[in-house]
Amino acid sequence: MEYNEEEYLMLSGIQHFAFCRRQWALIHIEQQWQENVRTVEGNILHESAHKDDFNEKRGKVIISRGMPVYSRILGINGVCDVVEFHENKNGVSIHGREGTYLPIPVEYKHGKPKEDDMDALQLCAQAMCIEEMMLCHIDVGYLYYGETRHRQKIEFNEELRNKVVRLFQEMHELYHKQYTPKVKPSKACKACSLTDLCVPKLYKTLTVKEYIDGIIKEE
Amino acid sequence: MKKLLNTLYVTSPDTYLSLDGENVVILRDEERLMRMPLHNLESIVSFGYTGASPALMAACSERNIALTFMSQNGNFMARVVGEVHGNVILRKTQYRISENETDSLQIAKNIVIGKVYNSRSVLERATRDYPQRVDIEKLKKTSKILLNAIELIKECKSKEELRGLEGAAANRYFGVLDDLILQQKDSFQFSGRNKRPPMDNINSMLSFVYTLLAHNVASALETVGLDPYVGFMHTDRPGRISLALDLMEELRAVYADRFVLSMINKREINPKGFTQKEDGAIIMDDDTRKCVLKAWQSRKQEVITHPFLNEKVEWGMVPFVQAMLLARYIRGDLDEYPPFLWK
Ligand code: SF4
C-alpha cells in the first residue's frame, strides 16, 4: 500500500513516538508544542547544519545539507540534516554528476548518545526514504552528537527497519482516529517538555466523581 | 507546572506601548518611561486610551502574551487575539459540547458545584478565623443551606434549573457577605451586588477585580487552546467571553471576593480613594486602582495546594490549571471536569 501526500506524517515524529506515544500525539495530533531550552538549543544546532543548502564536494564525497525526503510506502516526509554521497562503483548515479555514489545519512543531535534507539530509528527512516527515492540500498548511517563530538555508526539491519515500519503504521492508525493514547507515567515524564499539558499524574489520581464526592462528604 | 510569569499593568492613561527588539517599551511623548523583556511576561493590561503598536500586538500574540485594553475606570474594552494555535479538534469538540444540552450541562453542573462549594468555604473560613467577631450561627446556617444546594445541583436536569439553583445560592451567600466586613464598616457596606454602575465602594472594587480575573481566565483558556468566547453555561453573545465567565464562577468567591474582603479588613484600601458621581455611581481613583493592582499581583504569588492535582501552585496559576483540566476533559482524558474545590 502507498500513502497520498496529504496523509504524510512528519518523519521526525518517530523519535517522539519512540520516546512516548502520548508525547507524539500531543505534538502531532493535538499540535501542542512548548518550546523549552532543550528544543531551542536543538534548533540552533540544526540551523547551523542546514546553513548552506547547496552541495559541496570534499574529495570523493559530495555533501548535501537539508535534503528533503519522503516515502510513499511509509507515508512520511522530512528533511535530512546531511547526506554524504561517497563515490563508489556499487553506488547509484546522481543527476548532474559523473560516476556513481553511495548515500550515507548523517543526523546531528544535541546532547549525548541515548540508551534507547529513538535517534537510530529516525536515521533509519531517513535512509529508507532515500532508498525509495533513489532506488538504492543503504547499509549504514551516522549519528553525530554535539556534546561528545562523536559519530556513532548505525547499521540499518532488518530488526531496525521492521521497527520503523511498525511504528509508522501505528502512528498512521492513531492519526486516522485522531486519538491521543493514554500511557502509564514513566521516568521519561521527567525529561518531557510537555508535562504541563499532558499532566501524566492525572492517570494515577482518582476519578473526578470520587474527588468531588470525597471533598463534599467530608463536611 | 508552567511557571507563573508577570502581568504588566500600565495605569497611566497617556502612555503608548511599543516594541523594541524583545522588549515592550512604555512611551510618553516620545520619551521612554520603562522597558521590560517580553519573556518575563504572561500578560499586559493597559488602562488608558493611547494604545499599542501593531508590532507589539504581533509579538504578544506570537508569544502567547495576553494583551488587554481597559478603560481608565477598569471597564473592559478590547483584547488582542492572535493566530489560533493548531487546536482545531479541541475547539470543534468544545463547540459541539456547547451546542449539546446534556453535555454542556454536565460541565456546567460541576462548575456551579465548585462555585457554591467555594462560596460556602469563604463563610466557613470566617467562622474559623474570626470566631469572636462574626455571627457564627448565622453563617453556619447559610453554609448548611449552600451544602444542601450542592445536592440539588447534582440532581438537576436542565440548564434552566441549574441557573435557578445557582441564583438562589448566590443570593444566600451575598446575603451574609456584609457580616464578613470587620473593619472600616462605615465606608464599606455591602447590601447586594450591583454593577451597572456599581453604587458602593465594595461593588466598585468587586467589579474591578472580576474584570481582572476574567482577563486572567480568558488568557488561560487561550493558552490551552480553548475558545474563551464559546461557553457551556453563559449564553454566547458577540464579544462576550462566555467560557471565561463560566470558568470564573468557581473562582469569584475564593479568589476575588476574599481578596476584596481582606483588603478592607486589613485596611489596605483607603475609603478616601473612592469618588461618588452625581448619579450615585462610585468610581475608584487612580491611586486606589494602583493599590488594588499591586495587592492583586502579590496575591497571585501566594502558594496553595491544588485540591485535585495535589500539587503546590501559585494562586495566579489556578485559572491556568482549571483551563488545562477542562481541555483534558474535553479531549477525553478525564471522566468529568474537576472543579476547583477550595477548603
Ligand atoms: S509527560 Fe510523560 S506521558 Fe506525558 S507526554 Fe511526556 S513522557 Fe509522555
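Here the Cβ of each residue, glycine as well, is placed from N, Cα and C on the backbone.
From the candidate list B:E161, B:E166, B:E311, B:E314, the residue TrEMBL records in the Mn(2+) site shared with B:H234, B:E249 is B:E166. In the three-state DSSP reading, B:H234 (Mn(2+) binding site) counts as coil. The number of other Cβ atoms within 10 Å of the Cβ belonging to B:H234 (Mn(2+) binding site), over all protein chains shown, comes to 19.
Other residues of the same chain near the Mn(2+) site, with their Cβ within 8 Å of the Cβ centroid of B:E166, B:H234, B:E249, are B:A108, B:I111, B:V112, B:K115, B:R163, B:M233, B:L245, B:D246.
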